[in-house]
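The active site annotation in TrEMBL covers A:ASP299. Sequence annotations record features per position, and here TrEMBL assigns Zn(2+) 1 binding site to A:HIS52, A:HIS54, A:ASP146, A:ASP299. Among the features that TrEMBL reports, substrate binding site is placed at A:HIS54, A:LEU55, A:ARG56, A:ASN86, A:ASN272, A:HIS303, A:PRO317, A:GLY318. For A:ASP146, A:HIS173, A:HIS226, the entry in TrEMBL reads Zn(2+) 2 binding site. Residues annotated as domain 'Dihydroorotase catalytic' in TrEMBL: A:43-230.
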Amino acid sequence: MTSYLLRGVSLLGAELRDVAIVDGRISDNAPADAEIIDAAGLVALPGLVDLHTHLREPGREDAETVETGSRSAALGGYTAVFAMANTSPVADTAGVVEQVWRLGREAGLVDVQPIGAVTVGLAGKQLAELGAMATSAANVRIFSDDGHCVADPRLMRRALEYVKAFDGIIAQHAEEPRLTEGAQMHEGEVSTRLGLTGWPAVAEEAIIARDVLLAEHVGSRLHVCHVSTAGSVEVLRQAKARGVRVTAEVTPHHLLLTDELAASYDPVYKVNPPLRTASDVEALRAALVEGVIDIVATDHAPHAVEDKECEWAYARPGMVGLETALPVVLSVLGERWDLIAERMSRTPARIAGLTGHGTDLAVGEPANLTLVDPSARRVVDPSELASRSRNTPYAGTTLPGRIVATFLRGEPTVLDGKAVK
Amino acid sequence: MIKHLRSAADLDAPTATLILDTAGEMAALAGREVKKLPTLRGRTVVNLFYEDSTRTRISFEAAAKRLSADVINFSAKGSSVSKGESLKDTALTLQAMGADAVVIRHPASGAPHRLAAWVDGSVVNAGDGTHEHPTQALLDAYTMRSRLGRLDGLRVAIVGDVLHSRVARSNVLLLTTLGAQVTLVGPPTLIPVDIAAALSPATKVSYDLDSVLPDMDVVMMLRVQTERMQDSYFPSAREYSRRYGLDLARMRKMPEHAIVMHPGPMNRGMEITPEVADSSRSTIVEQVANGVSARMAVLYLLLGGKA
Amino acid sequence: MAQPRADASSKIILSASDLHRVVDRIAHQILEKTSGATGTVLLGIPTRGVPLAERLAARIHAFEGIDIPVGSLDITLYRDDLRLHATRALGKTELPGGGIDGRRVVLVDDVLYSGRTVRAALDALNDEGRPSSVQLAVLVDRGHRQLPIRADYVGKNIPTSLAESVRVSLTEIDGLDEVKLTGGEDQ
Ligand SMILES: [Zn+2]
């Protein structure tokens with residue numbers, strides 16, 4: 001196995017030093033034959049961990065595969081991604097989660113950790129075999145019907161309780177379905193002007209409020225996916241103050257973009273939950289800094305061209321995000337490297353119970369890390385994305401930071417900003 | 001001159017006034033024996049209709065033909081996404097056919113905006129989802145101006161299902177641009193959120209039709225579909241028409257000169273009683289005739305010059 | 001030396017009094033050629049043909065006490081050069097009471113040039129009705145015809161080059177009466 005010496009790297013933006021990687025781990029000193037990487041001006045972060053990725057395989061390999069999604073993740077600085085269960089077939093059995101897990105191992109670019117569905121077929125009627133998925137080779141700990149809300153309160157309560165047996169966690173896509181029938185975008189001034197059916201903030205807030213009460217009642221852990229409103233932040237703040245074991249994520253796009261973008265009717269801006277208002281964006285940013293929102297998760301949602309080059313109402317919601325997540329967060333938080341490591345690597349790994357990721361670069365730890373050039377600026381070009389899909393909302397936008405290299409257990413997956421395989 | 005008419009917001013006051021003036025000339029020409037004009041000879045206008053709307057399609061077709069344009073009716077019924085050709089593929093076909101203008105009627109809001117990105121010709125919105133119907137607003141404004149002599153300072157109530165009404169949105173935008181004062185009236189469930197901020201800060205909202213009527217020059221009744229009942233927008237057709245329907249008693253509360261409008265098709269007995277619809281204050285029949293003149297004006301202004 | 005350029009390259013062809021005299025002469029000629037303007041209507045072509053037609057009618061009234069019907073005929077929708085310019089606003093078409101069927105129509109315009117305007121006016125007239133005959137009166141004929149069209153009444157023939165342009169000003173529209181020739185080879 002090749003050894004590496006990262007020369008002159010800045011750990012989390014602080015001291016410059018040399019970091020050696022030997023046998024897949026961080027080491028004291030490099031052997032004489034170590035490959036030397038000039039890391040002057042580069043910042044080392046623990047490899048990023050994404051709790052919310054749609055890899056589309058099995059079922060929509062025309063939009064993304066485990067392999068192309070993994071490559072996209074590695075280029076974004078990720079060393080682990082959690083693959084959502086809304087594939088076809090749905091990842092609601094040990095068989096499907098093991099298939100995804102195996103495809104991830106074969107691609108070998110990031111650790112692909114499958115998320116299991118909460119209910120059979122994401123139908124919200126009957127619990128999937130959560131225990132079987134937990135004890136499968138995929139070792140599933142996060143369960144989610146993402147794309148759908150577990151709307152039935154009794155079913156949600158049971159799910160929260162049931163996964164305690166194997167320290168699982170339910171990740172809820174908070175959307176009261178009766179309040180969002182036919183919804184196309186954030187309900188507000190812009191939806192009224194555009195004549196698009198509104199997705200009211202309260203549809204998210206009501207479910208989060210209910211779920212934190214349920215989690216508190218049964219003493220379980222709850223994770224809230226893609227928080228998008230200022231009201232949700234307040235619900236979470238109060239719950240956390242009471243000691244409810246709730247964690248929450250925000251997507252890069254909800255930290256940067258607003259509902260005004262829908263005015264073009266270009267469905268590249270259609271996403272669920274929808275882009276909200278500028279004051280929501282402001283509240284989400286503050287909550288992320290404060291820790292009311294624990295992590296950034298991409299909700300990377302690749303879609304085939306025909307699902308986006310159409311009328312807004314007929315388009316599928318979602319945006320690709322793995323390759324732009326860190327640049328977007330950098331542009332929002334600035335070069336607060338320790339905070340970025342906390343929100344994009346350490347905390348997501350901890351929530352998921354994922355060992356070997358999200359650890360700082362101490363001697364003996366697995367060498368899962370990424371090197372970032374913070375001075376670089378890049379104009380996002382959809383055609384350059386490694387994802388099989390092109391539905392980025394940032395086309396033509398200049399974003400700071402470039403991921404120069406990513407290492408997965410000491411093996412480079414990205415070097416010179418290019419995927420190694 | 002503007003290239004597309006996707007929204008009434010595409011029109012500033014001078015352009016909107018020019019269209020109304022032109023519509024006036026077109027209407028005058030409609031009175032003579034020879035109605036056809038050679039103006040758009042050699043130009044191709046495609047009527048691309050994803051919804052059945054014989055009234056609107058015929059109106060556009062008559063307008064284009066009176067200007068001697070070649071008209072192609074392209075009816076794409078069954079607008080489901082999965083089946084049939086995508087809007088983009090259809091757009092590329094129309095492009096290859098050399099369409100100078102595409103008149104599009106579509107159940108999805110914003111479809112004309114998408115189409116405009118894919119064709120070189122002009123795009124005219126003939127009604128998109130619950131968004132807009134700008135030529136309806138133009139013919140309504142034209143009708144008001146012909147009946148009442150002005151638009152500036154005119155007080156107009158638009159009554160009913162504003163939430164789902166593309167006619168209401170376009171009318172608010174256009175009438176406000178031309179100086180009219182618009183009041184939206186309906187049950188709170190059918191008035192969209194932030195409507196004033198969304199369309200025009202001067203727009204007023206009222207939930208009480210009776211208190212509004214004495215101050216109005218124009219009362220425009222919107223079609224209300226009884227199916228809205230199932231979605232709990234109001235309890236029953238009976239309660240709706242009691243609170244928001246226009247009957248003779250209510251019409252008498254309007255000033256002497258005030259007119260009653262309806263974009264059609266009417267739900268007689270729901271939002272308007274037959275006696276009101278057929279009264280001399282009703283402009284409903286004129287609105288249809290004015291539709292052709294207004295659409296001729298739009299086609300002329302979009303296509304009657306250098307591309 | 002400090003002469004403004006526009007003045008250097010423009011010259012007045014008809015002064016206000018010339019213009020009035022020319023209108024008077026055309027009015028007399030119309031009376032003569034139409035046996036006292038019986039069964040005759042004047043149709044001005046917007047923009048400046050309309051006030052010219054009105055002036056002719058006023059002079060005819062002054063000379064003979066005859067009230068000759070006046071109207072306007074907009075030809076914009078009949079032009080063959082629409083695609084060469086930005087969209088034009090329409091002028092007014094107002095036929096006098098009694099219409100034009102069976103009557104003698106005298107079209108009135110300010111400048112006769114290529115003849116295309118008159119061609120469009122004949123097409124427009126054809127869609128409006130069936131006059132017994134059509135005549136043409138113009139204030140200025142500047143030549144360069146592109147169609148076989150000639151005027152029945154000409155106020156003044158002005159030989160021009162293609163680079164020049166004839167600018168007619170009328171009090172009703174422009175605040176003064178005059179005809180100017182501007183531009184030319186030396187520009
Ligand atoms: Zn989701």
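Positions of Cβ are set from backbone N, Cα and C atoms, glycine also.
Of all the recorded positions given, namely A:HIS52, A:ASP146, A:HIS173, A:HIS226, A:ASP299, those whose Cα is no farther than the 10 Å limit from the Cα of A:GLY318 (substrate binding site) are A:ASP299. Other than A:HIS52, A:HIS54, A:ASP146, A:ASP299, the residues of this chain whose Cβ falls within 8 Å of the Cβ centroid of the Zn(2+) 1 site are, in sequence order, A:THR53, A:MET84, A:GLY147, A:CYS225, A:HIS226, A:ALA297, A:THR298, A:HIS300, A:ALA301. Checking each of the binding-site residues (A:HIS52, A:ASN86, A:HIS226) against A:ASP299 (active site), the C-alpha distance stays within 10 Å for A:HIS52, A:HIS226.
Annotation for the binding-site residues A:LEU55, A:HIS303: lowest Cβ count within 10 Å of the residue's own Cβ, A:HIS303. Only A:HIS173, of the binding-site residues A:LEU55, A:HIS173, A:HIS303, place a Cβ under 6 Å from an atom of ligand 1. Annotation for the binding-site residues A:PRO317, A:GLY318: lowest Cβ count within 10 Å of the residue's own Cβ, A:PRO317. Using the Cβ center of A:ASP146, A:HIS173, A:HIS226 for Zn(2+) 2, the list of other same-chain residues with Cβ within 8 Å runs, in sequence order, A:HIS52, A:MET84, A:SER144, A:GLY147, A:ALA171, A:GLN172, A:ALA174, A:GLU175, A:CYS225, A:ASN272, A:PRO273, A:ASP299. Between A:ARG56 (substrate binding site) and A:HIS173 (Zn(2+) 2 binding site), the C-alpha separation comes to 18 Å. The separation of A:HIS54 (Zn(2+) 1 binding site) from A:PRO317 (substrate binding site), Cα to Cα, is 12 Å. Annotation for A:HIS54 (Zn(2+) 1 binding site): same-chain Cβ neighbours under 8 Å, separated by at least 6 residues, are A:GLU64, A:GLY69, A:ALA83, A:MET84, A:ASN86, A:ASP299, A:HIS300, A:ALA301, A:PRO302, A:GLY318. For the pair formed by A:HIS52 (Zn(2+) 1 binding site) and A:ASN272 (substrate binding site), distance between Cα atoms is given as 13 Å, rounded to the nearest Å. The CA atom of A:HIS226 (Zn(2+) 2 binding site) is located 9 Å away from the CA atom of A:ASN272 (substrate binding site). A:ASP146 (Zn(2+) 1 binding site) sits 16 Å from A:HIS303 (substrate binding site), counting Cα to Cα.
The separation of A:HIS303 (substrate binding site) from A:HIS173 (Zn(2+) 2 binding site), Cα to Cα, is 19 Å. For A:ASP146 (Zn(2+) 1 binding site), the Cβ neighbour count at a 10 Å cut-off comes to 25, with all displayed protein chains included. All chains included, 28 other C-beta atoms sit within 10 angstroms of the C-beta of A:ARG56 (substrate binding site). Between the listed binding-site residues, namely A:ASN86, A:ASN272, the fewest other CB atoms within 10 angstroms of a CB are found at A:ASN272. Mean predicted confidence for the domain 'Dihydroorotase catalytic' (A:43-230): the pLDDT average there is 97.
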